[in-house]
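Summarising the annotation, Swiss-Prot assigns active site, for nuclease activity to Asp1081 and lists sequence analysis as the type of evidence. The ATP binding site annotation in Swiss-Prot covers Ala25, Ser26, Ala27, Gly28, Thr29, Gly30, Lys31, Thr32. Here Swiss-Prot flags His957, Asp1068, Asp1081 as Mg(2+) binding site, drawing on sequence analysis. Annotation comment: Swiss-Prot describes 4-449 as domain 'UvrD-like helicase ATP-binding', evidence class sequence analysis. The feature domain 'UvrD-like helicase C-terminal' is assigned by Swiss-Prot to 479-745. Marked as region 'DNA-binding and helicase activity, interacts with RecC' by Swiss-Prot: 1-852. The region 'Nuclease activity, interacts with RecD and RecA' annotation in Swiss-Prot covers 900-1174 and is backed by sequence analysis.
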Amino acid sequence: MKIDSLKEKLNIFKIPLNGIKLIEASAGTGKTFTIVLLYLRLLLGIGEKKIYKKKLLVHEILVVTFTNKAKEELYIRIKDGIQNMYLTCINKTTSDSSFQFFFKEIHDIKEAIYVLKRAQNDMNSSSIYTIHSFCQHILQLHTFHFNDIFEEKIIENEDNLYLQATQDFWRRFFYTLPEDIIKIIYQDYKSPDHLLKTIKPFFYIKSINFPTKILNNKKLIMYHEENIKKIIFFKEMWLIYHKIIQKTINDLEINKKIYSKFNLIKWINKITEWAKSETKDYTIPSILKYFTKKNIEKNTINNTCSKYIIFEESEKILKKKFSLKNVIIIYAVKKIHQFLLKEKKKKSLIGFNDLLSILLKTIKKEKFLKDLIIKKYPAAFIDEFQDTDIQQYKIFNLLYKKNKTTVLFLIGDPKQAIYSFRGADIFSYLYAKSKIKKYYYLDTNWRSSINICKSINFLFSQNINPFIFKNIPYIPVVPSSKNLKMNFTINDVAQTPISFFLQEEKEVSIDDYQVWISKQCANEISFWLTCAKTGKAKITTKNGEKILTANDIAILVRNRKEADLIQDELEKLNIISIYSSNKNSVFQTLDAQELLWILESILEPENEILLQQSMASHILKKLSLVVENKTISNKNSYFIIEKLYEYHDIWEKIGVFQMIKIMILEYQKNSFCTEINENHIKNLNFLHIGELLQEQFQFFHKKISLIRWFQKKISTKTQPEYNESIKCFDESPSIKIITIHKSKGLEYPIVWIPFSIDFKKSTLAIYHDQKSLKTFFDENYSNKFLKIADEERLAEDIRFLYVALTRSILHCSIGLACLIKKIIKNRNNSDIHQSGLGFTIQGGKTMNYEGLLEKLKKLSINNFIEVKNNTDNFSFSRKPQTISLICKNKFLNKKNIRNTWSITSFSQLNKINKLSKHHQKEVALKELCIKNQEKKNQSLLTIHNFPKGKKTGLMIHYILKNLHVLKNKNSNWFSCILEKYNIHIKWTSVLIYWIKNIINTPLNDEKIILSRIDEKSSIRELEFFFPIKNMLYSTELNKIIQSINPTSITSPQLSFNPVKGMLTGFVDLVFIWKKKYYILDYKSNWLGKNNNFYSSIHINKEIVKKRYHLQYQIYTIAIHKYLQKKLKNYNYKDDFGGVFYFFLRAIDCPKKNNGIFYTMPNYSLIKKTMTLIS
């Protein structure tokens, strides 16, 4: 591949308008404006009369970009450009120097006015597309001309299809494999989701070269058996030589500190023990490295041991990386791809990438279509060309490469190619560049201040190849003279354009660094805003001088986790922030659940359960307050039901969306939030969901079908469709937190980049051949190809850094530390040279803290860059009226909903922020005890070593839910249940025996037995809701808990955010026995190896530790409130029988009464808790 092309600074009026032209536009150099000016040249025919016989019309100029947002921006900018040029021609002058210069090139003003006016009128027929909409348009054109039928439905987001395909692959192929192989696979892939996350990059890479041909389970098993044979062969060889190895090594002049007598005996014994064991997996002892030829020669004086074959074999077996990981990747990619093709064909679906493949094949095959496109679009622009892939490039290259009467502009910036995760391929760009003799570049920066431009120039001029690849050069930008006065000042002192915040420690872990830099970032922003309050922090931009506000500051991150870290620190200092890259589905908000309750109630207004659910929603808060009143009147009930019938009629007549709008308007006056902003957000979400429901209703005949679709959307946790993401409400001053990916193309006066030194080394050996630029995958994960893959990862990290830095107009603060990814004894150097920022500063060399500090000092000598260590802790105080913004911010960042209405449960209240060290140790010891016990009792199947965990608890609850039909169930039914919950069917007889004992064990002296409870006298899994009217605080609830059970003072305190709204839960069983109502809760907790561990002493300890006394208090309140409404002369002491907690693992014999806990909650405490809550 040719490395260097000739380069020339772009002159808009001199660049020829024929052939393929590549223009590289660095960040801030006016790429879009360049497209506008070239577009105007084509419209007005300036300079190219020989090539184009007539001036081009707007529909003849093709403009292609990669996102809808970019398409909309281009449309607006081109339309505005035409308007401005039109006004310039009318007025014969303009204040814009570019248009004034353009005006001088026009010879016939009247003709130009006519052309521009026509272009303005024709803009609705302009040919501005995304790459995928362009493909779709051409294929439809092909359909028209060839009477072909293009019936496929285009899907924009294929994530759910990929997941479905992966799950299908997982079931079909993994479930049928031998257990030994499944265990090996499970070490690398825990679930279909995990597998998909690993292999997804392969689906974006076209024409990847796979070396292996394992395409079925039979070949996979053979491959596994070959690996096992190699390991067995080595083991046998070791057992032959192991007795003479110690003597052989001792006879060498070897380093006795490492190869001491003690170490040799210990190592040899461990390896020998392994060699004698059965070979079921690919485990190789790491200590075998001491017996490799290379290591022994390294530690001997004469450097020779070549005559000993065992040392050579040790080296070979360690080099051979035994794994199924890479084989599974290739196997899965091919099978899942086949499944996708089959599924798409079956459902007549087509993905965006399929459009590209189809169009490329069609153009290659049919010359008529190719000629038709060229005739239709004699000029074309490909915007953001650095984000292309090989298929996209081939399409446009085929169309325009040999045509001298057309022009194709490829415009982009390879330094900003950061979208490899979705298929963009920088190597396709480099390939295109290698085919072009001369490329043009833009170098005037119109965005940033002079000092920012100089500092970024200086930073990226430190290395010969700052972006690693030689054909991605850094051309220093020239700041526009118009930006001379642009500045950021505090107390009238100009701030250094780039500040590095360096943590003063020689070794820093990523976790410690993230905590430290988050605080530094929040503290500095707090300081700026505090200064701004007194008018001491100012910014001067193109629009003049103004006081700094939160809106002027952006924090750039890679992902949601980093955003959360920053938001938490900002919140501590009372600073409002919005995470602009929120991609959560609107269906996963509390508002969606509330709206579902309301719609369900509208369909069945007289259904009491649905009515009460809908009253839990904020939008019907006023009505719910009436319903919750104990003295509810028939008149009020009638009014509520009438209102729901009214909404039903509106829905019937004008649709669900209009009905939701009317409902919102009616209840707007009954504000359900402390401030209007949160009210606005909630309304925004309701309307958003209303639009989606209205759109979906066209596919259903009945309202109930729409409700079921809505229910499924809420319950299914999948990636949101393009139109389902939460719409950000962004009107008030707030710090913008945004991902670097999403920030591309945007600009901010002040930028913070806290986490620029973090990196993830490449774990997939996907790499490009530097000559052919083809993509390969090395299944053996050899160091050579992993190194190439990681170099490509590092190159993109540097491009990430460039994109992040160039978002800033006036100032950029960056975090930095001597990051150590893996602690190694006596290690001096950090790992940051493997990050984009570390490479740029250190030139790719490893350095310690002192070396890094020295480099930073050299960078800071010209006053463009400064180094800081710590910021003071400022707490930024807001004005009272901005409280509403907190509400807004918390809503948009769902993990931090505070001081707002919500639905909670015992489980949520019971969550502790951090376990004490003592408790962590206790849990760890218990888990170890369980594992050891399991190992000892593997041959003996009892309820005490029955599989543990959540799935077992769910299974037992499911079985006992079917209590009254268990008598009719045979062993096959129980086996099916075990399989359903992924538990081996060998436990069938144990399970049957266990369940039989459970349902026949007396709960007390009155002989309450589950099997004797009448079905009509019980309710299973009773769901309850009751309001928390007063704000509930954890401190107050802790006092109640301690008064219920004084020993609970020894357990960790509850710690939750103040909550108000609804308390919900499920009671396993409520039943009547001898005219009294009882609560029963099943507990599948494992407390010990036999029945003795379920004595009253042990159970009471478990009750305290898990805070079950709070749980049964809540359950009792729920049933008490329920019975108050249902029974006329209800009395707690006379009608309520108490609470049973049934510890099921104790029930190994019906005659023993261990495992049963009973209590009759104190009525005064019940009242006290009820008063606290409501």
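Every residue, even glycine, has its Cβ placed from backbone N, Cα and C.
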By a simple count, how many Cβ atoms lie within 10 Å of the Cβ of Thr29 (ATP binding site), its own Cβ left out?
-> 23
Looking at the binding-site residues Ala25, Ala27, which sits with the largest number of other Cβ atoms within 10 Å of its Cβ?
-> Ala25
Separation of alpha carbons, the residue listed as 'active site, for nuclease activity' and Lys31 (ATP binding site) (Å) | 67
Rounded to a whole number of Å, the separation of the Cα atoms of Ala25 (ATP binding site) and the residue listed as 'active site, for nuclease activity' comes to 67
Beyond His957, Asp1068, Asp1081, what residues of that chain have CB atoms within 8 A of the centre of the Mg(2+) site's CB atoms?
-> Leu960, Glu1021, Phe1066, Val1067, Leu1069, Leu1080, Tyr1082, Lys1083, Phe1142
Same-chain neighbours of the ATP site, Cβ within 8 Å of the mean position of the Cβ atoms of Ala25, Ser26, Ala27, Gly28, Thr29, Gly30, Lys31, Thr32 and not counting those residues, run in sequence order as Thr34, Asp413, Leu442, Asn445, Trp446, Arg447
Of Ser26, Thr32 (the binding-site residues), the residue whose Cβ has the fewest other Cβ atoms within 10 Å = Thr32
Alpha-carbon spacing, His957 (Mg(2+) binding site) to the residue listed as 'active site, for nuclease activity', which is rounded to whole Å = 10
Reduced DSSP assignment, Ser26 (ATP binding site) | coil
Which of Gly28, Gly30 (the binding-site residues) has the most other Cβ atoms within 10 Å?
-> Gly28
Counting every protein chain shown, other Cβ atoms within 10 Å of the Cβ of Lys31 (ATP binding site) number 21
By a three-class reduction of DSSP, Thr32 (ATP binding site) is assigned helix
Rounded distance in angstrom between the Cα atoms of Asp1068 (Mg(2+) binding site) and Ala27 (ATP binding site) | 62
When pLDDT is averaged across the region 'DNA-binding and helicase activity, interacts with RecC' (1-852), the result is 86
Distance, Asp1081 (active site, for nuclease activity) to Thr32 (ATP binding site) (CA atoms, angstrom) | 66
Cβ contacts of the residue listed as 'active site, for nuclease activity' (under 8 Å, same chain, 6 or more positions away) = Val1067, Asp1068, Leu1069, Tyr1108, Gln1111, Tyr1112, Tyr1115, Val1139, Phe1140, Tyr1141, Phe1142
Reduce the DSSP letter at His957 (Mg(2+) binding site) to three states and note it down.
-> helix
